[in-house]
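Student: Take a look at what TrEMBL says about it:
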BINDING   ASN11, TRP12, LYS13, GLY174, SER215  substrate binding site
ACT_SITE  HIS96  active site, electrophile
ACT_SITE  GLU168  active site, proton acceptor
Amino acid sequence: MDQKSVWIGTNWKMNKGPAEAIAAARAFSNFHLPEGVRCFLTPPATSLRDVCSVLQDTPVMVGAQNMFWEDSGAWTGEISAPMVAECGASTVLLGHSERRQHFGETDWTVNRKVRAALRHGLRPLICIGDTADEFEFGVSQETLARQTKIALHGVSQEDLGRVVVIYEPVWAIGSAGRPAEAPFVSEIHTKLRGVVQGVVGRNSSVRIPLLYGGSVSQANICDYVALPDVDGVLVGRAGWDPADFIKLVSRVGELVSSKVAA
Ligand SMILES: O=C(COP(=O)(O)O)[C@@H](O)CO
């Protein structure tokens, strides 16, 4: 965490149809976002428009969990960047490991989606992550560098300023996952900072926020957010209950204000 904004988001995954999503979004509509904290939610596509309209006058950003790179056409079952934007969303999660693992997402498709999102004014939240095997064989850094460089390939300097990268080790995600140790996340993020700095250019003033995700909880959130090259977190299960997510946001807010005061 540095003196810039700290990000916290929750990915609802395939949970909360419109009725439940509207109720959850209402819980955030009167919530006072702490100073220096940027917050986002990614509801399922069928709840996107409703959640956007509940939160339209608030600082909480709303994003889709995926989209296709073409604007329209014969792509049954897909939604496009203009459709996401028309719902009122400002951001989109791309390359989540569950999409890479189960739905054929590749580095190449992530790159096409990133560029399409940017073309339509959406902020891409790009997920990268090493598998348990890659971690065991000690090639996590290589995987993350490859995923990052391909995702950002061909993106203009100006657009790089709107991108967020999220490190989510596949082995840390979900109820079978184990949260990554903070020193390991710190090491990965420091190296990742070098990778993104190489993409934007050593002399560029663009600073791409680097978030961590994977079994983030009330117990460990501050350990991650306090790390120097971690600009925030993406929360799954621990953020699905709105009251719990508000508690997590408040914890981050307290950490930010204590840093500012120090
Ligand atoms: O997949 C994610 C991590 O989920 P957890 O339930 O926190 O392990 C990430 O996208 C946040 O939803």
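Note: Cβ is positioned from N, Cα and C throughout, glycine not excepted.
Remember, it's a predicted structure, so these values are computed and weren't measured experimentally.
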Student: Scan ASN11, TRP12, GLY174, SER215 for binding-site residues whose C-beta lands under 6 Å from an atom of ligand 1 and note them, or write none.
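Tutor: Going through ASN11, TRP12, GLY174, SER215 in sequence order, those close to ligand 1 turn out to be ASN11, GLY174, SER215.
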Student: Using all protein chains in view, find how many other C-beta atoms are within 10 Å of the C-beta of the residue listed as 'active site, electrophile'.
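Tutor: Taking all protein chains shown, the residue listed as 'active site, electrophile' has 27 Cβ neighbours within 10 Å.
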Student: Given the binding-site residues TRP12, LYS13, GLY174, which one's Cα is the least distant from that of the residue listed as 'active site, electrophile'?
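Tutor: Sorting the binding-site residues by distance from the residue listed as 'active site, electrophile', the top entry is LYS13.
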Student: Since the record lists TRP12, LYS13, GLU168, GLY174, SER215 as recorded positions, which of them has the fewest other Cβ atoms within 10 Å of its Cβ?
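Tutor: Comparing Cβ neighbours within 10 Å for the recorded positions TRP12, LYS13, GLU168, GLY174, SER215, GLY174 has the fewest.
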Student: I'd like the number of other C-beta atoms within 10 A of the C-beta of ASN11 (substrate binding site), please.
Tutor: 25
Student: Do you know offhand how many angstrom separate the residue listed as 'active site, proton acceptor' and SER215 (substrate binding site) by C-alpha?
Tutor: 9
